[in-house]
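Features reported for this protein in TrEMBL:
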TRANSMEM  6-26  transmembrane segment
DOMAIN    29-109  domain 'Ig-like'
DOMAIN    120-213  domain 'Ig-like'
Amino acid sequence: MFIDIIVFIYLLYYHIIFFVTCYHFTERPKAKVSIKPDQHVFRGDTVTLRCDIDGEGVTSWQYSWYKDGSGSVFSELQEHTFSPVTESDAGKYFCYGAERGGSRTSNISDAVTLKVSDRPQAVLSVSPQKWLTEGDPVSLICEVNSSSTGWTFSWYTLTASSESSNHYQLLSDSSRGAGGSYNVSSAAVKHTGVYVCRAERGEPAYKTTYSNTQPVWVTGEFKHLNDCLKKNDHQSQQNSTLHICLSLSEL
């Protein structure tokens, strides 16, 4: 009886060792999907899906990409790029890997959802107010609807306007704006005007539409609407001059 118990314990011990050893060598690594520049992108953006697999001892993987639960592989690259991305590319993406020339495979990744929206709109606001006196600080704040990742911003003045189009001039020091805010520590009369902004990101650069217009009036330059019209009579298009002056007079 005692010998039977010893034999049983011995066999149980080696079964446990065998199971643990087999599990260790057959446990499959996990695949992981990442999306750049963001999971929420816009039509026309350049979007890259990447599959990474943390598998020790494997030097080369064969990748397989799936979308929305479909069993069909649409790409076998580690990185798959949509350029430009369209609404039809939206969906849930998975990846999976198999060792090239070997027997190991990964687990399928968790799903990552790509959302594609219409071209974004930049929105411009002025803080603390549009009507200023010389020496006041002012900030032109540019934001992108429904997104805040990876954007750089530029600010412009409205220089001409017609019934069919607007014309914008990039501020010479627009590049100093950071984090969506163009700051002037001490406003001068030269800052009077109508402003717009725009955002871009990615390579090649993907740009938003121009923002809404925002007029800024630094008092001391124009006392009346007629003064504004006289100051701007050099503009190439009379419609532009009238638009700027009327915008300022409404503040």
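Using N, Cα and C of the backbone, Cβ positions are placed for all residues, glycine too.
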Summary of DSSP states over the domain 'Ig-like' (120-213), given as helix, strand and coil counts: 6 helix, 50 strand, 38 coil
Residues of the domain 'Ig-like' (29-109) by DSSP state, where helix covers H, G and I: 3 helix, 40 strand, 38 coil
